[in-house]
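Per Swiss-Prot, the features are:
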| type | residues | note |
| --- | --- | --- |
| BINDING | 37, 38, 42, 150, 151, 152, 153, 154, 174 | D-ribulose 5-phosphate binding site |
| BINDING | 38 | Mg(2+) 1 binding site |
| BINDING | 38, 153 | Mg(2+) 2 binding site |
| SITE | 136 | site 'Essential for catalytic activity' |
| SITE | 174 | site 'Essential for catalytic activity' |
């Protein structure tokens with residue numbers, strides 16, 4: 001990742017701390033991966049406190065595939081099968097079947113309905129019957145071990161939520177340009193600035209976790 005582009009957001013460790021502060025304040029974070037990987041930026045928000053306005057922003061400026069990052073334990077709790085048995089996607093992204101809240105939604109498409117679905121899936125004591133399948137929210141199962149196991153946006157989202165003190169569940173969506181192309185780092189950074197989001201890279205988070213876990217041991 002081009003460090004010059006990111007320099008205004010501080011050092012790698014400062015960027016992680018600023019991202020955690022942003023999440024705790026209810027703001028979004030732009031998570032960038034490497035140019036050699038997907039080369040994309042994902043908007044992420046805490047699933048517990050994401051607002052309808054933030055969901056609307058995500059739908060308006062994102063790919064349209066609004067994802068809920070969850071752990072394997074939560075996937076089992078909700079009895080969500082993986083979308084396919086044999087995952088042949090380039091990065092092994094862990095999609096489960098799609099979901100809709102069983103109550104409190106109309107068609108499930110609106111920003112408010114998608115927030116309702118997210119809340120239904122992550123509430124304490126959530127049961128499989130709280131969700132209909134299929135739906136308009138795409139759960140993503142994170143790998144155990146987070147970014148130290150798999151350097152994906154899914155794992156980064158779970159790691160950031162956990163470090164910020166939230167339940168391990170977050171909403172993500174890839175940022176797109178107005179012409180429908182994928183936003184790359186310069187566009188992602190500009191968008192984050194316009195919408196008061198912190199910016200962090202997966203590489204930053206890997207280094208941060210490694211350093212802190214070394215200290216702890």
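Each Cβ is built from the backbone N, Cα and C atoms, and glycine gets one as well.
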Radius 10 Å, atoms counted are CB only; among the recorded positions 136, 153, which position scores highest?
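Result of the Cβ crowding comparison: 153.
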Measuring Cα to Cα, tell me the gap between residue 174 (D-ribulose 5-phosphate binding site) and residue 136 (site 'Essential for catalytic activity') in whole angstrom.
16
Which one, from the binding-site residues 42, 174, has the smallest tally of other C-beta atoms lying within 10 Å of its C-beta?
174
State the Cα to Cα distance, in Å, between residue 42 (D-ribulose 5-phosphate binding site) and residue 136 (site 'Essential for catalytic activity'), rounded to an integer.
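If we compare the Cα positions of residue 42 (D-ribulose 5-phosphate binding site) and residue 136 (site 'Essential for catalytic activity'), the gap is 18 Å.
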For residue 153 (D-ribulose 5-phosphate binding site) and residue 136 (site 'Essential for catalytic activity'), what Cα-Cα distance in Å is obtained after rounding to a whole number?
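Between the Cα atoms of residue 153 (D-ribulose 5-phosphate binding site) and residue 136 (site 'Essential for catalytic activity'), the distance comes to 20 Å.
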Please state whether DSSP places residue 136 (site 'Essential for catalytic activity') in a helix, a strand or coil.
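SS state of residue 136 (site 'Essential for catalytic activity') = strand.
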Cα-Cα, whole number of Å: residue 151 (D-ribulose 5-phosphate binding site) versus residue 136 (site 'Essential for catalytic activity')?
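On Cα coordinates alone, these residues lie 26 Å apart.
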